[in-house]
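What TrEMBL records for A:91-157 is domain 'HMA'. The feature transmembrane segment is assigned by TrEMBL to A:175-195, A:207-226, A:247-265, A:271-289, A:417-442, A:454-480, A:739-759, A:765-786.
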Amino acid sequence: MAVEGNIKLSTICYHCGDKVEDTPYILEEHTFCCLGCQTVYQILHENNMQSYYRYNTHPGKSQNSDKQDLSYLEEPNIISKLVDYQDEQIAIITFYIPAIQCSSCIWLLENLYKLNAAVKSSKVDFMKKQASITFNKQELSLRALVELLQDIGYEPKITLQDVIKEGKKINQNGLIAKITVAGFCFGNSMMISFPDYFGMGAFEREYASFFGYMNLAFGIPVLIYSASDYFKSAWNSLRQKRLNLDVPLALGVLVLFLRSAIEIITQTGPGFMDTLCSLVFFILIGKWVQQRTYYHISFERDYRSYFPVAVTVLEEDKEIPRQISDLNIGDRILIRNNEIIPADAILLKGTASVDFSFVTGESKPVEKVLGEVVYAGGRQIGGAIELEVVKAVSQSYLTRLWNNESFKSYEKKFDTFVGYISKYFTIVLVSIAVLALGFWFFNGQADKAWGAFTAVLIIACPCALALSSPFTLSAALSIFDKNKLYIKNTSAIEQMAAIDTVVFDKTGTITSPTASAMYFEGELTPIEKNILFSICRNSNHPLSREILKWLGDCQLLPISNYQETVGKGQSAEYVDYSVALGSSSFVGVAKKVEGTAVYVKINEYIKGVFTLEQSWRPGLNEIVQSLKNEDYKLHLISGDNERRAEALKLIFPAESSLLFNQAPADKLARIEQWQSEKYKVCMLGDGLNDAGALRKADLGIAVSDDINNFSPGCDAILDGESFEKLPAFFNFSKDAVKVIKMSFMISLLYNVIGISFAVQGTMSPLFAAILMPISTVTIISFTSLMTRWYGKKRGLI
Amino acid sequence: MFQFSQILYLISNIIILTFDFEKMNIIFLLIGFSVFIALIFLVAFFWANKTKQYEDTYTPSVRILFDDEVKEGESIK
């Protein structure tokens, strides 16, 4: 076994590009990693669709996973919830298909009609990873359609809380229409105002009133339609006796319009309509930039996205698929291999071996005996089991978290920099305007008083200020995005900058769920390491390979009496060492640890035990060190037991609290406690068990290795790959806030210049028309360039 | 079906006839045209936005690169 192992050919699966070793699946000179991949190839080949492989090499997705039971897709009431449209003949459905990843996928899914004539048309939206399929439901049932998609390797993700459909509801069309109208009016009124700025001769004066009325005509839709949101927002904030930035904005816009309208109608001046239009146009663009949407990521998930749509209920010996929300107490449910238990239930039949990694973060299956309560959220591994539901889905141990009081009343109260500033800004602005009014009035120049008063309100309208924060933060957002940290919205970046305490979950967060490594408890001398190295080299067993990796570079020793007992262990001798390593029964000791373990016995003395553990994410030590140096408080909350506490104590600073065996509600309570101590807490977690803590924390970051997979509701999703960049992310968020403050100073400078002219009553329309765009352009370019510069400095670009 | 130039001619005639031609100056006409054309673009943008032409800006760029091989495959058969 050991010798032949080295000759194995390693090739690549033709379909999915996974490495394959010694595969029985060979078809027409192509190798496949599994039957699934081969089947997809066969289906496509039979239908003359090999082009799939032409557009990209290895376009497919590995087919190694199990297929779930789809009988629920035959229930009419479930179907009607899933489809977008249906009549007697035709149904249209939009699927979210995470496997969409290259142009071949688009090609195949849009040529679905070649595989089954009942599919009328299909259209893929690549960015959203969606396929909208129109099919004849008489000829092809929904279940058959989903099975067809599964067969070709594009399994749609169907969940109760159809996140994609909810996401679609957010549309920016209203805002875009407002921007368009403002832009249209801006361009045209600018054109009309030009003659006035360049000075008109006596002949052209005839047209002045015509131009004025044209300008007025362009100003009205901008005021009434485009700027309407600002008036609403300003009105609301005034009613709540708060001053937000929309108050001075709306005031500026209104005064601009009124003064211009009066000037135009009384024919005393050309008005400022072009400035009004450009102002509204720019601030609306700022608003649009701020509303960034991620098509394929949802931040508002709850337990419903984890649970399947339906579960099999046993009624009078019949298996009936039923929607989870319709599940009642007392129902007998059948859970097959790899299905999730949707509600707290008592085990009635079968051997339950439940993986609670969703709930606790611990991935080792837990055995349950008959009559024992199995909590919702666990995944059955092994044979089918029968359970009796004892609590409704929404009342289960896990889902109760969402009914928690602190969860519902939850609202992140966070004062953004601009929000903080705008309170004072409005007060100062209005008092300057009133002072100017009073000054000129008492000096007997009433007409100038009115001019100065309105001019102050116009020129100090915080357009540049309103733009500084959206443009900085959206530039920062796209830099985060490039580094695979997906942040929900721009204000979350400001929250991130305020964080002073970082709390980690253990399993899946600081450990990598895919990479595992050997972990050794005990001590070995260098010579013993060399012996182990020489022994393990002979074996092809995966555990031996892992041990070799752990040992690293060692010297090869001439060992004798080598013996390998397949599946048990190996033994050998070297000089006066007699070494045995393998399972507990092989070396003859009592089991000390659960799960996979390799015991090392040297000269009848147990030297230690190797266990296969999920390894820390790369760079964990550095992250903890640099966060510590930046004066962040670090804590760890784990639902797991204390097995690896010693190793963690070495990594984390001494003052950190390392908490183990924490239930989801404990985590939430703990975060709350820290918050009440005035800490700004950032929680990093992954599983559903962290969901409460993630939402409670000032900033919840879900760590996920596949961002298309479901992650709990949070403020940001971090791709596991970018975990090492965490300190850089935190620093960069602080930089972004710094940039906002700097650009605030610049816009303030413009305001001071503008106001100094305005209070003297000498502001001309031309001056306003130039100052407004210049300040806007300065702010936009300054913020974008500075943010990029900081990004470069932090190594994020 | 009218040609675009014919439509313009028609509109200009309407405008000229509506206003008194003697006092009419070419500048009103030109501004009227420019705003009118800008309005056409405005409406065109609304239409494009409403028909979801900006919904998916990536997939069509890929779709156009696929060879149209339906007939090709059938002819081999």
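Cβ from N, Cα, C; glycine included.
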Residue numbers, six or more beyond the limits of the transmembrane segment (A:207-226), whose CB comes under 8 Å of its CB atoms: 178-179, 181-182, 185-186, 188-189, 192-193, 195-196, 200, 253-254, 257, 260-261, 263-265, 267, 270-271, 273-274, 276-277, 280-281, 284
Positions whose Cβ lies under 8 angstroms from the transmembrane segment (A:271-289), at least six residues beyond its ends: 172, 175-176, 178-179, 182-183, 185-186, 189-190, 192-193, 212, 215-216, 218-219, 222-223, 226-227, 229-230, 249, 252-253, 256-257, 259-261, 263-264, 458, 461, 463, 466-467, 470-471, 474, 765, 768-769, 772-773, 776
Annotated stretches the transmembrane segment (A:247-265) and the transmembrane segment (A:175-195) touching (3 or more Cβ pairs under 8 Å): no
Chain residues in Cβ proximity to the transmembrane segment (A:454-480) (below 8 Å; excluding those fewer than six residues from its ends, i.e. six or more beyond): 245, 248-249, 251-253, 255-256, 258-259, 272, 275, 279, 282-283, 285-287, 289-290, 292, 416-418, 421-422, 425, 429-430, 432-433, 436, 486-487, 490-491, 493-494, 729, 732-733, 736, 739-740, 743-744, 746-748, 750-751, 754-755, 757-759, 761, 763, 768, 771-772, 775-776, 778-780, 783-784, 786-788, 791, 796-797
Number of helical, extended and coil residues in the domain 'HMA' (A:91-157), per DSSP: 22 helix, 21 strand, 24 coil
